[in-house]
């Protein structure tokens, strides 16, 4: 794929065509094994996480989709804009810049659901966002690419992998719907399945990280793309959290939207790269996609570790304040809700204070209040 930037002031200053590095050989069997194994594990993980979803809560998110709307705005508003600014700021070559834009325009991936579970996020919102962003990608991916690539004259059309999007959507909806049904019919068994799914999710993260490092070994890596693949997910997490906070979402939803924003669907991006670029450019761009996937897993694990450390610190603080209270006396974390929801929506919803900043503070503190009198 070649790109003509002559006479275009918005194109990066060092946008010159040169041969990319060659050589991604000897990994065909490993990639096939990784594809099959990850597909099976993703299906099982999504089924188990579906066991944590209650149909009433899911319907509440769909009926009043404030959290979903904020998440989609982060996914298809902030991420493509961030990708464009990174491409311009680092002066990427045209084919590299377009690959970064492709990554920024992709919907959320399954990894986000695993990380959301480990940070006590809103699983109903997480699964709703992943599904809705995948559906929205049918129109938003070409729209975002059209808006941000207008400054370059492309001699080859970009191809949107609609078939891959459809397969992704089916692989999300079918296991999750099955899990929701199991949770409705057999709630006790669903709890056990959910615990198993959390373990499988951890194994999935480990497989992705190890495979990414193995596939990247020996590649002729572009340092600039590696730097972008490292900071891009972090920028997504931070901007997603800030947008959720500014729209008065609860802390639980802020964590969820932050994770969903930074964690992209790597498989979908790889499919789009393979359909849009010739082999001479594909090696370097696949390297970027795999590096992004590796870094988003590492960043996610750091976020989980930081949250769990904070959670243990709060629990120890409560133990010191209430030494006679046993460990099991902590109340189950209440369902945090958006400040936009009305009181009449559902009686079981935990309502926050009137002021938005108080809403955030109270929603977080109530998850650590012991139930002992």
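From the backbone N, Cα and C atoms, a Cβ is placed for every residue, glycine too.
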Swiss-Prot record, transmembrane segment, of the ranges 196-216, 322-342 the matching one is 196-216
For the transmembrane segment entry in Swiss-Prot, name the matching range from 12-32, 33-53.
33-53
Based on Swiss-Prot, are residue 148 and residue 224 on matching sides of the membrane?
yes
So, does the transmembrane segment (98-118) come close enough to the transmembrane segment (225-245) to give 3+ Cβ pairs below 8 Å, pairs being at least 6 apart in sequence?
yes
Most CB pairs under 8 Å with the transmembrane segment (158-178): which of 68-88, 127-147, 285-305?
127-147
In the same chain, which residue numbers or ranges, 6 or more beyond the ends of the topological domain 'Cytoplasmic' (119-126), come under 8 angstroms Cβ to Cβ?
49, 52-54, 57-58, 60-61, 67-68, 71, 112-113, 252-253, 255-257, 259-260, 303-304, 307, 311, 333, 336, 367
